[in-house]
Every structure is written in C-alpha cells, then in structure tokens.
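A.B. asks: Pulled the feature table from Swiss-Prot, pasting it below:
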- ARG190, GLY191, GLY192, LYS193, THR310, ASN334, SER522, ARG583: CoA binding site (BINDING)
- GLY386, GLU387, PRO388, ASP410, THR411, TRP412, TRP413, GLN414, THR415, ASP499, ARG514, ARG525: ATP binding site (BINDING)
- VAL536, HIS538, VAL541: Mg(2+) binding site (BINDING)
- LYS608: N6-acetyllysine (MOD_RES)
Amino acid sequence: MADVYPVDPAFAADARITREQYATLYRESIEHPEQFWGKAAQRLDWFKQPTQIKDVSFALDDFHVRWFGDGELNASVNCLDRQLATRGDKTALLFEPDSPDSPSYPVTYRELYERVCKLGNALRNLGVKKGDRVTIYLPMIVDAAVAMLACARIGAVHSVVFGGFAANSIADRVIDCQSKLIITADEGLRGGKKIPLKANVDAALKIPGTNTVETVLVVRHTGGAVDMQAPRDRWFHDVVDGQPAECEPERMNAEDPLFILYTSGSTGKPKGVLHTTAGYLLFASYTHEVVFDLREDDIYWCTADVGWVTGHSYIVYGPLANGATAVMFEGVPNYPNVSRFWEVIDKHQVTIFYTAPTAIRALMREGEAPVKKTSRSSLRLLGSVGEPINPEAWRWYYEVVGDSRCPIVDTWWQTETGGILISPLAGAVDLKPGSATLPFFGVQPALVDAEGKILEGATEGNLVLLDSWPGQMRTVYGDHQRFIDTYFRTYPGSYFTGDGCRRDADGYYWITGRVDDVINVSGHRIGTAEVESALVSHPKVAEAAVVGFPHDVKGQGIYAYVTLIAGETPSEELHKELVSWVRKEIGPIASPDHLQWAPGLPKTRSGKIMRRILRKIAENAPDQLGDTSTLADPSVVDSLVNERLTR
C-alpha cells in the first residue's frame with residue numbers, strides 16, 4: 001500500500017496553485033504578512049479600502065487581534081450584490097431535500113439576493129438594529145442561508161444553533177447572547193423523521209432569562225401543526241413576502257462582529273466564538289478557493305450542517321463570496337438507502353465533495369456495492385473535515401469513492417480558526433493518508449512540550465500557532481478573560497489549539513486528537529463537563545465522570561461513569577432514563593455510548609477525579625493505568641476495571 005500519493009501531473013497542470021507557487025506564496029505570507037494579506041484583501045469589495053492591514057499582539061499584557069482595522073464593507077454585498085452583474089442567473093445554492101422523492105431546486109444569485117433583501121427589510125421593521133443578536137434555529141434549507149445573510153446585511157449578529165440541540169441548549173445560547181429575535185421553522189426533516197423545531201423553541205423560551213426575545217419568525221417547512229403565540233410568533237412568509245427586493249446594506253467596520261457560534265469547551269458551558277466581518281470573510285473565501293482548487297463551473301458539495309462552523313465557512317460565506325454553486329443537503333447519508341450521497345453526486349454532477357470521516361467510516365461498513373452502483377464520474381476533488389481521518393478510511397475514500405483519481409484534501413481547522421489552517425493543496429502537495437500535511441498561507445504551526453518549549457524536527461507535542469491569521473476568532477462573547485485564559489495562557493505568546501500533533505521527517509503534520517477534556521464525536525465537539533453536569537442534574541445521580549474512547553465509526557464515543565445516590569440501585573430502566581435525560585438536556589449528539597455504574601470514582605486525596613485512569617479503563621487498556629498510589633482509595637479502580645464495558 002502506498003504511503004505517499006504524489007501530486008497527479010494532470011491535476012497539477014491545471015491547478016490554481018503549483019508546488020513552486022505554494023512555496024513562494026507561503027514564504028511571502030510568513031516573511032511579509034502585511035504585504036501578502038494587503039494583496040489578498042483585494043478579493044473583497046470594500047466601501048472603504050483598508051490601509052492598516054495587521055495589528056496583532058499575543059502578549060498577555062497587551063493582547064489584541066485586528067485585521068484591516070480601518071476598512072469598511074458588508075459581507076452580504078460580497079456574497080450577493082457583486083455577483084449580480086456577471087453571475088445573476090448562475091445557481092448559488094442547489095437545494096436537495098431530505099427525501100429524494102421531494103423536488104430539488106436551484107436558487108440563483110439574483111433570487112438569493114432578493115430573498116435576503118426582503119428578510120433584511122422585515123428584520124429592520126421588527127426593530128432589529130446593527131449589533132443586535134438574532135438566533136437562527138433552522139433545518140438545512142435555503143432560508144437558513146437567507147437568514148444568515150440578511151443579518152449580515154443589516155449588521156445584526158447571527159447565532160446559529162444546530163437543529164439537533166434540545167430546548168436547554170437553545171435557551172443557554174439565547175441567554176448568553178441576549179438574543180432579540182429567533183428564526184425557526186415548524187419542523188425539520190432528517191432521515192424521514194420530523195424534528196419539532198418550533199416546539200423546542202417554545203420550550204426554550206419558557207426557561208427564565210430568555211425574555212430578551214421579542215419575536216419568533218416561523219418558516220412553514222413541513223406544514224406540521226404548531227402552536228403560535230400572538231404577538232410573539234409570526235409566520236415568516238407573512239412578514240417577508242410583501243417587502244421590497246432592495247435593502248440598503250449597513251456599512252460595517254472590518255472588526256465589527258459578523259456572528260457568534262457556540263462551541264464546547266473543556267469546562268462548563270459552551271463558549272460563544274465571535275468572528276468579525278472582514279478577516280473572517282476574506283479567510284473563508286480565500287481558503288475555499290485555493291484548497292478546493294475552485295473553477296467557475298464547479299458544483300461544490302459540503303455535507304455539513306449550517307449549525308456548525310463548516311456550514312458557515314464552506315456552504316454559505318466562502319462559496320458565495322467566490323460566486324460558486326453549492327449544494328445544500330437537508331438529508332443524511334443513509335436515508336432512504338446507503339447510496340444516497342453517491343446518488344446525489346450523480347444527480348447534480350457534483351465535482352467537489354467535502355464530508356466527515358464519520359460518514360466515510362459508516363458508509364465503508366456497508367461495502368463497495370452501494371458506491372459502485374453509481375457513476376461518480378463528475379468528481380474531481382474530495383475533502384475531509386471535522387476530525388482526523390484514519391488511513392484505512394482515507395484509502396477507501398480515495399480508491400472506492402474517487403476511483404483512485406481524485407486527490408483528497410484532509411483539512412484541519414476549528415470553530416475558533418474561521419477557516420482551514422492545515423491542508424494539502426491538491427496541485428502542490430503530495431498526499432499521505434491520515435496527514436493534514438502542510439499549513440495554509442500565513443499559518444505558523446509549532447509543536448511544544450508540556451513546558452512550552454518549541455520542539456524541532458520530526459517529533460510529537462501540543463499544537464500551537466505562533467502568529468495570527470485573518471480568520472482568527474476575536475473573543476469569547478461577553479467573556480474576554482475566558483478567551484485569553486483558554487487559548488493564550490497555557491503557552492504565553494502562542495495560540496493553543498487543544499490538539500496533540502505529530503510532525504514527520506517531511507514536515508507533514510498529523511493531528512492526533514484533543515489533549516483537553518473535549519471529545520470529538522462524529523466531528524462534533526462535546527465538552528465532558530457539559531455531559532457530566534447533565535447527568536449530575538438527574539435527581540438519582542450523585543456523581544458522574546465522562547471520558548472519550550475510540551469508536552469505529554464516530555472516531556470517539558462517550559463513556560460515562562455514574563455513581564448513584566445512597567439508596568438507589570442500578571437498573572436497565574434507569575440506564576435508559578439517564579441516556580434519554582442527556583438527550584433532553586443537551587441533544588442526541590451527546591448520548592453516552594457506554595454508561596457504567598461506578599460504586600466510586602478514582603480520586604486523589606485532594607478530591608480530584610483522575611480522568612487519566614478512567615480514560616484508560618474506557619479504552620480497554622487496564623494494563624496502562626500508571627501510578628495509582630496517590631489515590632484516596634485504590635480499590636475503586638479494581639472494581640471499575642472488572643466491570644468495564646469495552647472488553
């Protein structure tokens with residue numbers, strides 16, 4: 001089996017960036033960042049051209065990150081208005097519904113522009129002003145993109161909440177950003193099942209602290225019956241349809257907020273990652289164009305949900321700013337059958353396909369036949385995102401899905417980074433299965449040891465970034481101190497990613513996974529603290545500890561150790577009740593895969609839970625527990641090892 005897949009000369013001959021260009025541009029981006037990003041800023045349309053390009057300090061006593069600080073622009077103008085002259089009739093979004101029996105349809109740039117303007121006017125009429133926060137809780141439908149761009153047009157800050165989150169998670173996010181308006185739908189559709197979106201919003205708005213919400217706009221999607229409370233609830237079409245199809249865009253400073261997106265942290269509640277207008281939009285569009293080697297006639301499909309950052313950057317902002325055609329898929333990979341992805345590729349003649357290793361591993365289990373019965377001959381480039389892809393899944397993706405003729409861009413980045421930071425460029429970089437390979441322009445990765453010493457050469461350590469890039473998050477909304485403490489205090493002067501990483505002799509980067517208390521489940525980050533606090537909030541639970549363990553399909557699964565209060569006994573019923581309790585508190589993505597009853601948890605004499613030991617037990621590696629002599633009661637470990645569920 002090949003360990004290196006050299007650049008295909010035929011691909012390279014036509015590629016946007018060649019090997020030589022990559023080396024030259026990367027060097028310029030590191031040695032002369034102002035010059036490099038000043039030129040790159042010309043990708044955007046500005047009301048006022050920036051003269052200040054980079055103003056950055058990671059020093060704890062003078063921390064600031066500003067890019068293009070005196071520039072003025074509007075993100076929706078860059079995604080829509082500037083496309084109208086030459087691409088007005090081009091398809092911007094190609095909607096593919098949950099069921100293949102429902103109609104798919106294209107939305108042109110001109111239609112999208114008009115829909116965005118109408119909603120922008122409606123939001124202004126409802127009192128939404130520049131800087132107000134709007135929560136978007138929608139399925140994967142075109143109106144989700146319309147809602148995001150309409151907020152951007154009038155200078156409102158959108159906070160998109162993934163449609164799989166439950167009422168408590170919605171309420172947490174609404175309360176944290178003091179949202180003024182919510183845009184939702186009657187119901188979502190996913191794999192043939194209905195998701196009660198409006199009912200979830202109703203439940204969320206009964207929770208104390210959510211009373212900043214004045215209006216709920218409801219998209220009629222499935223036509224399902226929902227409870228409408230006047231005057232708070234309004235039908236989306238009633239408010240939007242009569243509006244003018246022109247809407248004056250707000251002039252935004254480069255550093256004005258564009259959106260907040262909540263992501264799991266290693267402690268407590270989710271944090272609101274705040275991205276600003278110019279740097280984010282520039283970085284999303286630039287990475288999208290270069291990493292995916294974009295052409296004017298590409299049909300590009302990213303299978304993510306807009307509720308995650310991948311959907312923000314690589315379905316909405318990046319592709320539309322580039323005038324691309326993006327597929328928007330409401331469904332799931334295995335409904336109504338496990339050929340669905342490949343059937344959609346053939347139906348729409350998709351040329352670039354970007355999905356998560358979890359989906360690849362799940363479909364790989366179904367064998368080659370469901371793939372081979374489709375053509376996929378339109379494909380020219382494949383991408384992977386969300387978590388490290390194991391070499392076996394990489395090879396299957398390359399050989400079976402891409403017929404050994406499509407390069408794979410294995411992209412590493414985070415909600416916090418706004419866009420792709422480490423990835424091969426298909427015309428410039430040889431591929432290695434499982435490696436994210438080399439950094440994008442302007443990105444300076446380094447590996448450090450536990451003390452923060454920079455490690456040279458082929459080695460393994462914690463991944464940090466030595467300098468800023470335009471797509472970098474600017475703060476945790478409403479909690480700047482948490483931002484500094486989380487990302488910049490561990491290794492002063494650097495941004496700490498929270499990921500471990502190996503660098504090989506060729507300088508290629510191999511992401512090894514989180515080194516903090518965050519689990520990467522199917523490419524979605526789940527904080528162990530969130531799941532623990534959900535479990536402990538159940539009246540019968542005294543204590544809980546949650547760790548990740550290797551999972552064949554999801555990458556990592558959730559393993560929970562639960563200690564019940566005195567007088568309660570474990571049962572199959574209580575097991576089911578606790579799993580559904582977590583689903584209700586957070587959402588289905590946080591459901592524990594294993595829940596082990598624990599008479600006690602391994603603690604130090606000072607009362608700290610030794611998660612390292614729990615991790616090894618969950619990984620079925622009881623011979624690697626290390627020193628347990630510091631535990632208050634070492635016998636606890638023996639009983640946990642004997643009862644472990646992953647043997």
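Keep in mind that glycine also has a Cβ here, set from the backbone N, Cα and C atoms.
For the listed features, I'd like the structural context: burial, neighbours, distances.
C.D. replies: Taken residue by residue with DSSP, GLY192 (CoA binding site) is part of neither helix nor strand, so it is coil. The C-beta environment of GLY192 (CoA binding site), restricted to residues of the same chain at least 6 apart in sequence and closer than 8 Å, consists of ASP98, SER99, TYR335, PRO336.
Around ARG514 (ATP binding site), the same-chain residues six or more apart in sequence whose CB sits under 8 Å from its CB are GLY498, ASP499, GLY500, ASN520, GLY548, listed in sequence order.
In three-state terms derived from DSSP, HIS538 (Mg(2+) binding site) belongs to neither a helical nor a strand segment and is classed as coil.
When Cβ atoms from all protein chains are considered, those within 10 Å of LYS608 (N6-acetyllysine) total 11, not counting its own.
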A.B. asks: Compare the Cα of ARG583 (CoA binding site) against each of the recorded positions TRP413, HIS538, LYS608 and report the nearest.
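C.D. replies: Looking at Cα distances from ARG583 (CoA binding site), the smallest one goes to HIS538.
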A.B. asks: If we count other C-beta atoms within 10 Å, could you say which of the binding-site residues VAL536, VAL541 has the fewest?
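C.D. replies: Candidates: the binding-site residues VAL536, VAL541. Fewest Cβ atoms within 10 Å: VAL536.
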A.B. asks: Between any two of ARG190, GLY191, GLY192, LYS193, THR310, ASN334, SER522, ARG583, the residues recorded as binding CoA, what is the biggest Cα to Cα distance in Å?
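C.D. replies: The CoA-binding residues span at most 24 Å between Cα atoms.
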A.B. asks: Using only C-alpha positions, which one of ASN334, SER522, VAL536, HIS538 is spatially nearest THR415 (ATP binding site)? These are the binding-site residues in the record.
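C.D. replies: When the Cα distances are compared, SER522 comes out closest.
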A.B. asks: Counting across all protein chains present, how many other Cβ atoms fall within 10 Å of the Cβ of ARG583 (CoA binding site)?
C.D. replies: 17
A.B. asks: Sequence gap of 6 or more, Cβ distance under 8 Å: name the residues on the same chain that satisfy this around ASN334 (CoA binding site), in order along the sequence.
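C.D. replies: In sequence order, the residues whose Cβ lies under 8 Å from that of ASN334 (CoA binding site) (at least 6 apart) are GLY191, ARG340, ALA362, LEU363.
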A.B. asks: Out of GLY191, GLY386, PRO388, which of the binding-site residues has the smallest number of neighbouring Cβ atoms within 10 Å?
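C.D. replies: Comparing Cβ neighbours within 10 Å for the binding-site residues GLY191, GLY386, PRO388, GLY191 has the fewest.
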A.B. asks: I want the residues beyond VAL536, HIS538, VAL541 whose C-beta is within 8 angstroms of the mean position of the Mg(2+) site's C-beta atoms, in chain order.
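C.D. replies: Apart from VAL536, HIS538, VAL541, the close residues are ALA534, LEU535, SER537, PRO539, LYS540, ALA542, GLU543, ALA544, VAL562, LEU578, TRP581.
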